[in-house]
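Participant: Structure incoming, see below.
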Amino acid sequence: MWMLQRNCGKWRTLPMDVTPYHLHAQVSSSLKGSNIALFINCSISLSTGCLLILIIAFHYKDIRLFVIDHNQVDWRIAMTSHRVLMITLELMVCVIHPVGTYCEVGLHANSSSSAPLCVSNHHGLMNMELLLSVLMFLRLYLVHRAILLHSKVLLSASYRSIGSLNNINFTFRFVLKILMNKYPARTLLVFILFFWLTASWMLTLCERQTQATATGQMNTAMWLIAITFLTVGYGDVAPKTSCGKAVCLFTGVMGVACTAMLVAVVTKMLALNKGEKHVHFFMLDIQISKRIRHAAANVLRECWLLHRANLTKGNCGEHRRHQRCLLEAIRVFRHLRLKQKKLRDYVSEMVDLPKMQMIMCDLSANWNNSYRELELRILSMEQKLDELSHCFQQTSEMLSQVLRHRNPEIR
């Protein structure tokens with residue numbers, strides 16, 4: 001038995017086995033899905049509104065700090081064209097979120113027990129919602145701001161004072177360099193895990209619009225992102241949509257970059273520090289010196305054996321054997337001398353700049369002390385010369401007085 005049913009403005013033929021119970025079940029499931037989608041979209045819109053309010057409050061505080069720092073009265077002085085453009089762009093990025101709700105009853109057409117009440121083409125709405133959902137990941141730029149504002153570098157007064165004296169801007173790049181130098185493995189591991197989860201969720205969103213693929217599930221998407229990130233590519237799963245292919249392409253590029261960074265971090269961790277290098281090269285120099293002494297002793301021994309063979313005038317084969325041994329000993333001796341020279345040249349090139357700076361500071365301090373001692377000695381000599389001149393003057397006056405008393409006619 002068949003009946004006519006109005007389907008979204010059109011009449012279609014439905015089988016009569018669609019009982020009121022089936023109709024009620026379909027309506028209930030449809031209303032339930034609509035309520036859940038409406039609740040999720042309302043939550044996203046509410047959180048987006050809160051985020052916009054917080055961003056406006058952040059820029060308000062930033063402008064207030066600028067006004068206080070520059071002793072300005074009018075806040076409009078801080079509103080440059082670049083600042084206005086950045087605030088507008090930031091608000092436009094954060095306002096993007098999926099706002100439409102849709103409900104799709106995914107029952108098979110071959111099923112004889114039930115039939116959809118209203119089946120419409122939602123591909124346009126699904127594509128729009130997918131695009132808005134993917135663009136929401138642009139909000140991840142707020143992560144670097146949170147890391148910068150909560151870092152110990154920005155909160156430390158000593159860091160800021162020394163940085164201001166050296167004209168250092170405390171940006172996210174500076175904080176990231178500090179983290180990579182202080183915690184390289186931990187920082188890289190956190191970034192890889194965060195990127196893995198984010199890319200897996202984006203791939204899941206992109207592949208959910210095709211019902212015939214397995215990459216629309218989170219576990220399969222995580223596996224595909226992992227093998228793509230590691231540039232393995234087993235080929236067991238592959239993206240079907242253009243959005244999924246773009247996500248996998250970006251994942252491969254980031255995987256190559258992170259692999260290079262990981263190799264650099266491991267190389268830096270396996271490298272010797274300055275103290276270890278000095279100890280290692282010092283022990284190598286001692287070992288090479290011992291081998292050089294042994295090689296020199298071998299040269300002397302072979303020379304003596306060759307000289308004794310020449311004196312005895314014995315077998316010519318023994319004479320040639322001693323000559324070959326002597327040439328080999330000389331070659332080993334020269335090779336070790338050259339190796340020691342190269343090692344010492346490399347050690348001399350590995351100059352420790354802080355040590356050289358300390359040596360120069362000590363030399364400068366010694367020169368300053370010597371200069372001060374020389375000045376003190378010159379001053380003492382000047383004082384003694386003044387005293388001598390004063391004594392000579394007094395002596396001359398006394399002599400003149402004595403002569404006057406003895407010879408009054410001299411007047």
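Yeah, the Cβs are placed from backbone N, Cα and C, and that goes for glycine too.
Found this in TrEMBL, in case it helps:
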TRANSMEM  36-58  transmembrane segment
TRANSMEM  84-102  transmembrane segment
TRANSMEM  122-142  transmembrane segment
TRANSMEM  183-204  transmembrane segment
TRANSMEM  216-234  transmembrane segment
TRANSMEM  246-266  transmembrane segment
DOMAIN    285-359  domain 'Calmodulin-binding'
COILED    364-391  coiled coil
Participant: Mind checking which residues reach the transmembrane segment (246-266)? Cβ under 8 Å, same chain, six or more beyond either end.
Facilitator: 184-185, 188, 191-192, 195, 199, 202-203, 206, 224-225, 228-231, 239
Participant: For the transmembrane segment (84-102), give me same-chain residues lying six or more residues beyond its boundaries with a C-beta closer than 8 angstroms to one of its C-beta atoms, as numbers and ranges.
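Facilitator: Answer is 34, 37-38, 41, 44-45, 48, 51-52, 55-56, 59, 122, 125-126, 128-129, 132-133, 135-136, 138-139, 141.
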Participant: What residues in the same chain, six or more past the boundaries of the transmembrane segment (216-234), come closer than 8 Å to it by Cβ-Cβ distance?
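Facilitator: Same-chain contacts beyond the ends: 192, 195-197, 199-201, 203-204, 207-208, 210, 247-248, 251-252, 254-256, 258-259.
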Participant: Sort the residues of the domain 'Calmodulin-binding' (285-359) into helix, strand and coil with DSSP and give the three counts.
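Facilitator: The domain 'Calmodulin-binding' (285-359) comes out at 69 helix, 0 strand, 6 coil.
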Participant: Can you give me the average pLDDT across the domain 'Calmodulin-binding' (285-359), rounded to a whole number?
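Facilitator: Summarising the domain 'Calmodulin-binding' (285-359) by its mean pLDDT gives 85.
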